[in-house]
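Structure first, then comments.
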Amino acid sequence: FLETDNEGNGILRRRDIKNALYGFDIPLTPREFEKLWASYDTEGKGHITYQEFLQKLGVNYSPAVHRPCAEDYFNFMGHFTKPQQLQEEMKELQQSTEKAVAARDKLVDCYQDISKAFTKIDKSKTNYISICKMQKVLEECGCSLTEGELTNLLNSWGVSRHDNSINYLDFLRAVENSKSTGAQPKEKEESMPINFATLNPQEVVRKIQEVVESSQLALSTAFSALDKEDTGFVKSTEFGQVLKDFCHKLTDNQYHYFLRKLRIHLTPYINWKYFLQNFSCFLEETAEEWAEKMPKGPPPTSPKAMASRDILARLHKAVTSHYHAITQEFENFDTMKTNTISREEFRAVCNRNVQILTDEQFDRLWNEMPVNAKGRLKYPDFLSRFSSERAATPTATGDSAAAQRGSSVPDVSEGIRSALSLPNQELRPGSKPQSHPCTAASTTAIPGTPPLQNCDPIESRLRKRIQGCWRQLLKECKEKDVARQGDISASEFLALVEKFNLDISKEECQQLIIKYDLKNNGKFAYCDFIQSCVLLLKAKESSLMQRMKIQNAHKMKDSGAETSSFYSALLRIQPKIVHCWRPMRRTFKSYDEAGTGLLSVADFRTVLRQYSINLSEEEFFHILEYYDKTLSSNISYNDFLRAFLQ
């Protein structure tokens with residue numbers, strides 16, 4: 001919770017729920033959000049208590065479990081309406097600061113003894129000593145510190161640790177520096193940067209004001225470098241990083257305290273221009289008024305940014321539809337076989353296949369491309385990025401793009417690494433291997449299941465090539481499959497792709513390996529792969545006046561939005577589901593041990609993977625959105641199958 005009421009109970013407002021959904025990439029239309037909020041705030045108070053919120057989620061409130069941890073108290077992002085709580089916050093921060101200063105003074109006094117003890121204990125002359133031994137030495141020298149206190153002190157001095165060991169020379173140097181800093185004349189001390197680690201809470205805002213006033217130009221330059229479109233806004237995380245660069249040893253706790261004092265701790269974007277122009281006249285008594293005058297909201301999308309996204313979308317579409325032609329053009333330019341082409345050669349390819357670009361448009365596009373140190377385009381990386389299922393978007397779109405996306409497909413290279421590293425698992429209790437050709441070899445349920453993959457475009461291209469050689473391919477797979485498990489290693493599959501000249505990229509191979517790693521053991525299920533390419537399943541033919549229907553809403557307890565992405569996904573997977581819905585239903589039931597007709601999202605995803613259903617993560621999200629409207633994390637598998645059998 002972000003606020004407390006007069007009785008000290010945590011409360012949540014409409015914006016808090018919206019921020020939470022935004023943070024977890026759960027997209028809701030305004031109408032959907034109003035329905036959700038109405039179901040929580042049944043009395044129309046404009047807020048609900050933390051206990052009421054947990055009760056709506058079916059969770060019993062326990063003060064011991066659901067209160068903020070004491071050690072994370074200052075990181076708890078929120079402001080407090082009770083003065084007593086604010087005083088406690090300031091008192092705790094001041095105490096931790098005083099402890100750090102006292103520990104530093106002790107170390108300075110015992111510097112010679114500590115130095116001799118370290119030299120004596122370092123018999124191998126590596127200059128490194130473990131944390132435990134360091135604590136013991138400090139205790140013997142009269143400077144007893146807990147591991148937490150020692151760690152905080154090391155972090156404040158910038159002394160790093162390696163394998164739980166410290167370079168004691170760095171430690172001694174840091175102690176010496178702190179000693180010399182305290183002994184400097186007053187005139188020189190004023191020229192040194194302010195050490196924020198030693199400040200108490202009341203001084204933080206005033207000292208930051210001094211830094212901002214003395215470094216206006218440098219701060220403006222730093223913020224401008226982040227705000228390339230000159231919108232006046234930067235992310236709060238970027239804003240904090242700039243402040244920490246200028247405010248020597250400003251801690252996270254102090255930064256969050258500073259934001260709360262300025263009443264901008266709940267703002268995802270901060271207007272840095274307003275901050276620099278008006279922070280010198282900030283007074284704590286008028287903080288609310290000062291914060292209200294600051295422009296709100298995320299930076300508006302500039303026409304240039306929109307144009308860049310449009311060009312990237314066109315480029316993605318061109319590469320997807322003319323992959324081989326564009327690849328051939330790149331290879332024709334690459335006469336030295338370096339897997340790179342020049343800037344002008346890339347521009348010529350874009351002009352022929354995408355659109356004729358102005359100098360400004362091409363400069364912005366070139367900045368998004370994978371370029372080597374010599375300024376040449378690495379076209380294999382380019383093809384890998386722009387031929388994937390996801391449309392490529394510039395990284396600058398950031399949080400808003402993530403919120404609109406809802407659920408994105410993880411990077412394929414990361415997905416394949418996680419898939420290949422998963423250990424073998426035993427069969428889930430109550431589940432049995434299915435003998436039907438469409439099923440997987442076993443019904444394993446593993447936490448962290450690899451992402452779903454829509455390999456339909458890849459498999460469609462492969463069908464023509466495999467039709468003439470599938471028997472020989474199957475024979476070689478069986479020869480490599482000595483244990484007769486129905487799968488081979490990923491490297492063996494890649495070797496066969498080369499041998500049979502299947503003409504698919506490494507990226508596409510990795511997608512197939514993820515999809516057909518049906519046992520989550522890093523192996524490639526070749527039987528299911530060959531069957532999918534040889535057994536050509538077509539959708540049921542229907543007249544022009546007919547189309548696939550989703551079951552009526554009154555037959556379902558709760559149904560969600562019927563989006564175009566939802567329909568296109570169901571239409572594509574319909575032939576596969578119709579072909580093997582009976583064994584699939586048996587597998588669903590084996591996971592549904594209680595016989596409720598419902599499966600968890602994780603189990604539902606696992607079964608779809610076992611039957612090699614061509615769905616991307618985004619399409620899977622749309623299906624969940626329809627069949628789990630109440631966000632119960634349970635799917636009615638009978639409702640799902642019924643959609644394909646009417």
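Cβ coordinates come from backbone N, Cα and C, glycine included.
A quick note: this is a predicted structure, and the numbers were derived from the prediction, not measured.
The annotation compositional bias 'Polar residues' is assigned in Swiss-Prot to 432-446.
Residues or ranges marked as domain 'EF-hand 1' by Swiss-Prot on the basis of sequence analysis: 1-27.
Residues or ranges marked as domain 'EF-hand 2' in Swiss-Prot: 28-63.
Through the fold, the domain 'EF-hand 3' (109-144) approaches residues 103, 150, 161-162, 164-169, 171-172, 175-176, 179 of its own chain, all at least 6 residues removed from its boundaries and within a Cβ separation under 8 Å. Taken from Swiss-Prot, the feature domain 'EF-hand 3' applies to 109-144.
Residues annotated as domain 'EF-hand 4' in Swiss-Prot, with sequence analysis given as evidence: 214-249.
Looking only at the domain 'EF-hand 5' (321-356), the predicted model's pLDDT averages out at 88. If you look up Swiss-Prot, you'll see 321-356 marked as domain 'EF-hand 5', on the strength of sequence analysis.
The domain 'EF-hand 6' annotation in Swiss-Prot covers 357-392.
Cβ atoms under 8 Å from those of the domain 'EF-hand 7' (468-503) belong to residues 416, 420, 441, 461-462, 509, 512-513, 518-519, 521-528, 530, 533-534 of the same chain, restricted to positions at least 6 beyond its ends. According to Swiss-Prot, the feature domain 'EF-hand 7' maps to 468-503.
The domain 'EF-hand 8' annotation in Swiss-Prot covers 504-539.
Annotation source Swiss-Prot lists domain 'EF-hand 9' at 579-614, citing sequence analysis.
As annotated by Swiss-Prot, domain 'EF-hand 10' applies to 615-646, with the evidence given as sequence analysis.
Among the features that Swiss-Prot reports, phosphoserine is placed at Ser435, with the record citing similarity to another entry.
Positions annotated as region 'Disordered' by Swiss-Prot: 390-452.
Residues annotated as region 'Interaction with AR' in Swiss-Prot: 552-646.
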(message) Summarise the domain 'EF-hand 5' (321-356) as counts of helix, strand and coil residues per DSSP.
(response) 23 helix, 2 strand, 11 coil
(request) Report, as numbers and ranges, every residue of the chain located at least six residues beyond the domain 'EF-hand 6' (357-392) whose Cβ falls under 8 Å of a Cβ in that stretch; write 'none' if there are none. (result) 304, 307-308, 311-313, 315-316, 319-320, 323, 326-327, 330, 334, 338-343, 345-347, 350-351, 408-409, 412, 454, 505-508, 616, 618
(message) Summarise the domain 'EF-hand 6' (357-392) as counts of helix, strand and coil residues per DSSP.
(response) 16 helix, 3 strand, 17 coil
